[in-house]
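Before any comments, here is the structure.
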Amino acid sequence: MRSDGILGARGGGGGSDQNRATASVAVESRRRWLKRRETWLVLLGVALHAVYMLSIFDIYFKTPIVHGMDPVPPRFSQPPAKRLILLISDGLRADKFYEPDVDGNYRAPFLRNIIKNQGRWGVSHARPPTESRPGHVAIIAGFYEDPSAVTKGWKANPVEFDSVFNQSRHTFAYGSPDIIPIFCSALPHSTWNSYPHEYEDFATDASFLDEWSFDQFESLLNRSHHDPKLKELLHQDKLVFFLHLLGCDSNGHAHRPFSSIYLNNVKVVDKIAERVYHLLEDYYRDNRTSYIFTADHGMSDKGSHGDGHPTNTDTPLVAWGAGIKYPRPATGHSHSDSVTSFVDKHAHDMPTPYDWGLNRVERVDVNQADIAPLMSTLLGLPGPVNSVGNLPLGYMKLNEEEEVEAVLANTKQILNQLLRKSHIKMSNSLFFKPFKPLVDHSSSLSQIDELISAKRYEAAMKLAVDLRNLSLEGLHYFQTYDWLMLMTVITLGYTGWMIVLALHVLQCYSSLSGDLSRKGHLSVQKRHSTKVYLSGCLLMAILTVLILVEHSPPLYHAYIGMTVFLWTQILSEYRLIRGLWIYLRERKAGYFIKLLFAAAVSIVIVELLVHSFTERKLYTWFFLIAGFVSSVLLHISIPWRSGIPVFVCISCWFLSVFTLMPAEIPDNNNLVVMSGAIIIVISLAAKWLDTHAEGNKFWQSITFHESRKPMWSKLYFIQIILVGVSSVMVSLSTKHRTQNQELHSSHQFINWLVAGSSMVLPLFSGNGILSRLSSIFLGFAPPFLLLSIGYEAVFYSALAVVLMAWILFENASHHSSKAKDSSISEQNTEEHVTIGSEERYLQLSDVRIPLIFMVLFNVAFFGTGNFASIASFEISSVYRFITIFSPFLMAALLIFKLFIPFMLVICAFSAITKLVRVPRLGCYFLVILFSDIMTIHFFFLVKNTGSWMEIGNSISHFGIVSAQVVFVLLLFALTNLYTRTIRVKPLSTSPSLKTL
């Protein structure tokens, strides 16, 4: 006997008692080493995934806002306007504003008259997320949603920012308590008020909220007649009046944008605009007031908003008054004078809809953030220092010199942000890479000034616009400056982790290391490992110093340190890697064909799982194909008359139906009750097979019992009775709650009792595979039925039948393998024992087990829901247990309902590892390896633009697959309570032990 450290005991012959004792000691020593190593691996995996999960916030969700820039006012002799009124109708769609009603009358006659006779109009294009806070920030501050707002749950902007209100002399604002305080609560030179939250009642016509805002504004002007200080303030220049009109948004949510209430609210808003205009014109009588009317976002046909659909991104924009051009006849299809593309990424160079009746009036579209520099320029104010908006000259009545000066101020304001970001990055970088196109920006500015002095305004305008566009590109360059480095480090880290897992599986769960050791391929001296670790420590020290010098965030140390550590571990296994390379070089072409085929199938399945997160129907195709292929493969090894190939095919096709069904489960209590009957029929069939099929060679492995106790049959029928009781309680509880609007206390008690007791009974059931799994299936059926409201109850049975089909497929494969390999060598027997009692080494074909597990694990979720959030699941599922609102208990019940299918899958997986005698932990590490291929994929699919749901889902997808290293392990530990006593037929002959 020869011992080789981590490679365990390797037999070389000899059968004396002393040799056997030595071998036993070596085997026990290796088991202890393996347990320590795997504990370390799991802890490393948990730490790695926790750290790398945070990396997306340093990459995708860093705030673009910087401070320390100087404001840049336009160089005007006199600003076009002394004051500006901003009217924002929250949730007003462009088409509902511009189109006529069913009688052919337009809903906004006053503003249409302005468009045709006094001002300019267009469509303001919002960028997703099309929500109220980001929309107002874009209009008033000139930048789009700060991606770091995800850290605040999208509730607030986490970083202070500048706005038109900040730059004004004084701002008067009235409207919603969710919007006005964002801009005015910390602004000393503001007068504002908002109504109580209780006013926002979706059961009423919310147009009265718009009237409230107008009444506050009218009251302000009326008070000034009796308040000299207020009157003096109102006659100052650089004033902003802001009326936030929430009515359309509230009415759109409550009644939909096609409702008469919403459409009538458009008329209310138009009337308010008219009254505001006449009030101010009568009050000031100086023609120095500018008016801007727009909306923060639109409204979908379903009464929601947030995504990038045109009904949400297209909002009206009407401007008139001081500094605004008069209407001009339309000259073509172009709707923008300077913007080549819009932030909502739709094709907007389409003709104006005919029914709008505005085809003959020139239309000028803008990006929503362009409104901020428009307002600032009208008042002669510096633009908000964080703005990225382009000044829309198509709206402004300026002479040629003033136009250039206005655009130059807009350009300098954006350029200052770029220079500030460049300075911050340069001061903290040892190897700074500037934005090359703007290295010589000062000469460009000097050239523009020279052209203005020479009155070559057209050339100056072109240079200023080009400089502004380059500045915007430069802002994106510095926003993503660290992306390449961080993404490379994280990708290398995940890749290193997967290589570590693969080497561990090859070393500890395949016969490869033994083969290499016997052939002398592992003869390199171990001193190499010490050199590798010293080199790794030296590299880590150097990188740590560099990160400290650059004042990088603390997590950068963790990202880089984890990656260096993993690759140090890989290089320390140089002997194994070198031996593996030599081993592969000796293989024949057939081996590589098998290897490439297994890799191709694995990649296809993993990619299927990645895309299934957004397209559930892929599972339908998978199970249709899997049913056909598996039945054909089974037919090769076992006869059709056994019924197994047909059963496997039909069960897969039955499950394929569920991922075609809607994720929103409709109520159908009769279907839930019928599902209880289906569960009982399936259980009785399993019981009959367990009793009568033990002599059948295709069933004997899963129906094996060391002994049969009469108690087991009684327990089984008790479980069936509990399923029947739960089905009856589904009907009784729902009927009583519907009729009496309450859950009867006796029904509640019975439901809790049946659900709780049924899950304990499988612990005392028979220990054969079919017997125990059938009992587990029955044990979790009552709570699942009581938590079901529709077709998901049938899905429970369909999933269980497919799991049974999987077990039969593996059993048939195992049976045919034993038939081919009738004997094994003494040497292989010893290797068999080194893994664990009754376990064999993994083979290349065993990769199918973790892959099938991953598919079923995911379909256990996707069969009845989606990955958006816990809110995707109907809260009425818990009403048979609790009706009084208790968020934590209700959420716990919903999560438990989701866990039940997972429990079935993992119990079946554990049974299969025992059936085919492969190490469960070895398969677990393969599951994590494949999951991390998905993790890398989702890492690059994380979004920081789009609707909050789209951004949140991309984060959720990445987080869910990252958490599987812990989630799956915890479920393994939990299900081990049910599966650890399962017994399989003892080995009479062992399968051939081939190299993975």
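Every residue, even glycine, has its Cβ placed from backbone N, Cα and C.
Note: TrEMBL annotation is automatic and uncurated.
Quick look at what TrEMBL annotates:
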type     : residues : note
REGION   : 1-23     : region 'Disordered'
DOMAIN   : 257-342  : domain 'Sulfatase N-terminal'
DOMAIN   : 473-947  : domain 'GPI ethanolamine phosphate transferase 1 C-terminal'
TRANSMEM : 483-509  : transmembrane segment
TRANSMEM : 530-549  : transmembrane segment
TRANSMEM : 589-612  : transmembrane segment
TRANSMEM : 618-636  : transmembrane segment
TRANSMEM : 643-665  : transmembrane segment
TRANSMEM : 671-689  : transmembrane segment
TRANSMEM : 746-764  : transmembrane segment
TRANSMEM : 793-809  : transmembrane segment
TRANSMEM : 849-868  : transmembrane segment
TRANSMEM : 888-909  : transmembrane segment
TRANSMEM : 921-942  : transmembrane segment
TRANSMEM : 954-978  : transmembrane segment
Relative to the transmembrane segment (746-764), which of 589-612, 671-689, 921-942, 954-978 accounts for the most Cβ pairs at distances under 8 Å? 954-978
Is the transmembrane segment (589-612) in contact with the transmembrane segment (483-509), using at least 3 Cβ pairs under 8 Å (sequence separation of 6 or more) as the test? no
Would you say the transmembrane segment (643-665) and the transmembrane segment (793-809) are in contact under the rule of three or more C-beta pairs closer than 8 Å, pairs 6 or more apart in sequence? yes
Does the transmembrane segment (921-942) reach the transmembrane segment (589-612) with at least 3 CB pairs under 8 A, where each pair is 6 or more residues apart? yes
Give the nonlocal contacts of the transmembrane segment (888-909) in its own chain as ranges (CB under 8 Å, at least six residues past its ends). 773, 776-777, 780, 783-784, 787-788, 795-796, 799-800, 803-804, 806-807, 849, 853, 856-857, 860-861, 863-865, 870, 873, 875, 877-878, 881-882, 920, 923, 968, 971-972, 974-975, 978-979
Taken over the domain 'GPI ethanolamine phosphate transferase 1 C-terminal' (473-947), the predicted model's pLDDT averages 83
The transmembrane segment (954-978): which same-chain residues, six or more beyond its ends, come within Cβ distance under 8 Å? 42, 45-46, 49, 52-53, 56, 150, 613, 762-763, 772, 776, 857, 867-869, 899, 902-903, 906-907, 910, 920, 924, 927-928, 931-932, 934-935, 938-939, 941-943
